[in-house]
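In what follows, a structure is listed as structure tokens, so that the remarks can point back to it.
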């Protein structure tokens, strides 16, 4: 297996959630060296960063957390504004859910590229997906390929953005997680918009996660761990 791995170094944007955890293990199966980067952007629940720390340690990869307080200062979305409740329906004008953080993926990936550049890392892995996305325009392949071009022009580099989940359903993502050995780490991942442990099971993120595991016919290792199974 090692002989089939790319000899280069990959950087994974790790949120502590299901998708980025799956991508971390996908990268471990394909690259000789893997590091993870997370962002403290004033997100609603610190449990996400705690999950990222735990998962990076389980995977045995170097993990860097970059502080960015800009998003909480901007406000206007339920993931950084404590006064807003997630899942109140799409905005009447933009038709986007209030959990959309404008520019988040663009900023994260640009910062990831800036961190990777002086370290000679050319591969950046992100867990965004177009098929199951919640209407987020920064999860679309054309958006991220345009960003890849901008990064390479702006940094005089040849970086590549890897999006292994882009066209996978949530069920396909669960199956991939099992294939790459991510299931033990998924037992410590966090998805719930409410920040609840155990997860609330009712928010859009919880419903989508449950649907994926159910359609894949695989028990959710997080629920099994919390139930003591």
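Glycine too: its Cβ is placed from the backbone N, Cα and C atoms.
According to Swiss-Prot, the feature ATP binding site maps to 14, 15, 16, 17, 18, 19, 20, 21, 22, 23, 24. Taken from Swiss-Prot, the feature Zn(2+) binding site applies to 192, 200, 203, 206.
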Neighbour tally for residue 200 (Zn(2+) binding site), based on other Cβ positions within 10 Å of its Cβ: 14
Spatial neighbour of residue 16 (ATP binding site) that is closest, considering only the binding-site residues 192, 203, 206 and their CA atoms: 192
Rounded inter-Cα distance in Å - residue 206 (Zn(2+) binding site), residue 18 (ATP binding site): 11
Nearest of the binding-site residues (192, 200, 203) to residue 14 (ATP binding site), judged by Cα-Cα distance: 192
Residue 192 (Zn(2+) binding site) and residue 20 (ATP binding site), distance between Cα atoms, whole Å: 14
Packing count at residue 18 (ATP binding site) (other Cβ atoms within 10 Å of its Cβ): 27
Rounded to the nearest Å - Cα separation of residue 200 (Zn(2+) binding site) and residue 22 (ATP binding site): 22
Assigned conformation of residue 206 (Zn(2+) binding site) - DSSP reduced to three states: helix
Site of maximum Cβ density within 10 Å, from binding-site residues 20, 22: 22
Of the binding-site residues listed as 18, 22, 24, the one whose CA lies nearest the CA of residue 203 (Zn(2+) binding site): 18
Other C-beta atoms that fall within 10 angstroms of the C-beta of residue 14 (ATP binding site): 31
